[in-house]
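Straight from Swiss-Prot, the features:
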BINDING   Gly38, Ala39, Thr40, Gly41, Thr42, Gly43, Lys44, Thr45  ATP binding site
DOMAIN    25-176  domain 'Helicase ATP-binding'
DOMAIN    429-591  domain 'Helicase C-terminal'
DOMAIN    638-673  domain 'UVR'
MOTIF     91-114  motif 'Beta-hairpin'
Amino acid sequence: MPAFDLTAPYSPKGDQPTAIKQLVAGVNDGERYQTLLGATGTGKTFTMANVIAQTGRPALVLAHNKTLAAQLCNELREFFPNNAVEYFISYYDYYQPEAYVPVSDTYIAKTASINEEIDMLRHSATRSLFERRDVIVVASISCIYGLGIPSEYLKAAVKFEVGETLNIRGQLRELVNNQYSRNDTEIARGRFRMKGDVLEIGPAYEDRLVRVELFGDEVEAIRYVDPTTGEILQSLESINIYPAKHFVTPKDRLDTAVQAIRSELTERLDFLNTEGKLLEAQRLEQRTKYDLEMLGQVGYCNGVENYARHLAGREPGTAPECLIDYFPKDWLLIVDESHVTCSQLQAMYNGDQARKKVLIDHGFRLPSAADNRPLKGEEFWEKAHQTVFVSATPGNWELEVSGDEVAQQVIRPTGVLDPIVEVRPTTGQVDDLLGEIRDRASKQQRVLVTTLTKRMAEDLTDYLAENEVRVRYLHSEIHSIERIEIIQDLRLGEYDVLVGVNLLREGLDLPEVSLVAILDADKEGFLRAERSLIQTIGRAARHVEGVALLYADNMTDSMAKAISETERRRTIQQAYNEKHGIVPTAAGKKASNSILSFLELSRKLKTEGPDADLVQVASKAVEALDDDADGMALDALPELIDQLEMKMKEAAKKLDFEEAANLRDRIKQLRQKLVGKV
């Protein structure tokens, strides 16, 4: 029996069955690298889901940013409602790494804010990998950073079993050793309390409580309990409580690590003094001895991750354990948007080492701090036994290592063809474009325009606005939430044209866009390379009347290749449609997803007014806060804060952490208003 239960209202169509069959056969035959070359709108995620389901392998789906990871996770959870689809990204809301700027003699201490909801999801991912095989973890590049030793994490788990006789004091001590804190007043994640014969634990990976009921020293019952209502949700025969932190260091290993750090410090001080670097030596000695004192007394210090190599007992230069090491041996890696993601893997290591070298050279850290690092590219690929690369424009390296194992997915189940590509001269390009925009706007269609520079984009936006075109400008200084709202407004018809420098961002799947205009298409460079052009042209590939206009005076190699590839895909789709009698139909994709739900709710409130429920009123307060916060009644603020907190938690559960962070900031503002009015 397969481990995964794929649920979908449709079956594979077009190129999907062939691609799925080829990829599944490759995985089963032990092929190390394969590539799914899938055009925009061909259902690559559904193909990925089928490959996972038919191979039955625990899978890691790697994305190059957390927004794309959240979208993939939401889609895969819809396909696999009965399996464990987990989300693993960096748990920092804010992160400023430790750094030193020699030129200005400026030391920047590490500052960070941890998102507890994301931390819970990370723990949930590793717990699932220990307890079941039907696991899909959707992760960002942060999964290549150190994550403790899986065997130590598993060994440290505290087990409870019905009918078992316990040494309850010993069990409580183990929970404390696993970094759970006792709080008999308020129970929460990472805490426990003991009242009479009832032990309640807030696991690091659950939003439910675990209640262990005792009769004397015997476990009488184990239950999952709702933390708010106290309602019994489920009875269990046994349970493992995993540590509250992934980094678990037994006492004997901690003692050994402290000795190793002392030894390295002595050696490094000798070197610095010999080199005449007396200031650096003094700085290093003072900082490290303080850290050693903290480690010896409480087992922790600020910046403890810099001693990770010693705490893990690793040899110098060896790779750290990371999320990959929690997977069983037969796991499957799927790299989404591989043309971007693969290049990021090596870049993460290089950037980390450059910063650490400065800290080490100037006496802020021991040389072993360099081993607190992400995996190198080659280390990552050594750990990845079987890989499927997924991209509309796979990179040369992916295609090279895949060899003949490339599955083509060009045909769209909707029958929609790739855009018609036209090349027009640059003379009079703006006026020509204006006419095309007016034509599309009259048909309730949308337009994307990409320029080479920010200045060009600004000037074009101003010109179009002066000519009564409803236009917006998308640029790098716009924050994530506002960026999402701009894209949402385009889809909803609040305006007709979106202008930007680089509109290749993943997630820009806009079925309403029928025209993509690329200005200065013949200016060779990153933004006008073959892959970039194909990606940009593909933004119009979801519309039945899709057209891409390339304004250029010369035909570059990149343009020729991009046009040729688009025409090839268009010809294949056309032949398929004629053979099967398919009439192209636009994908009926709604202008909403988990990331945009809050924005939709805000719009709804503008028309519903006082008839909206409390949660909606709270959301409206967010919209009005900057303009009318001073006019709010004092007694209304606490209720609004409560409702916003509920909304924030709902957003986090939907993996919409950008919305959650926005709500968190608004709550903070409301609290400040409340304090100021009391």
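Glycine is no exception: its Cβ is also placed from the backbone N, Cα and C atoms.
Secondary structure at Thr40 (ATP binding site), taken from DSSP and collapsed to helix, strand or coil, is coil. Contacts of Thr45 (ATP binding site) defined by a Cβ separation under 8 A and a same-chain sequence distance of 6+ are given as Leu72, Glu75, Leu76, Phe79, in order along the sequence.
Take the mean position of the Cβ atoms of Gly38, Ala39, Thr40, Gly41, Thr42, Gly43, Lys44, Thr45, the recorded ATP site; other residues of that chain with a Cβ within 8 Å of it are Thr47, Ala392, Gln409, Arg412. Break the motif 'Beta-hairpin' (91-114) down by DSSP state and the numbers are 3 helix, 15 strand, 6 coil. Note: Lys44 (ATP binding site) has non-local neighbours Leu36, Gly38, Asp336, Val390, Gln409, i.e. same-chain residues 6+ apart with C-beta under 8 A of its own C-beta. Counting every protein chain shown, the Cβ of Thr40 (ATP binding site) has 22 other Cβ atoms within 10 Å. For Gly41 (ATP binding site), the Cβ neighbour count at a 10 Å cut-off comes to 21, with all displayed protein chains included.
Mean per-residue pLDDT, taken over the domain 'Helicase ATP-binding' (25-176), amounts to 91. If you draw a 10 Å sphere around the CB of Gly43 (ATP binding site), it holds 23 other CB atoms from the protein chains shown.
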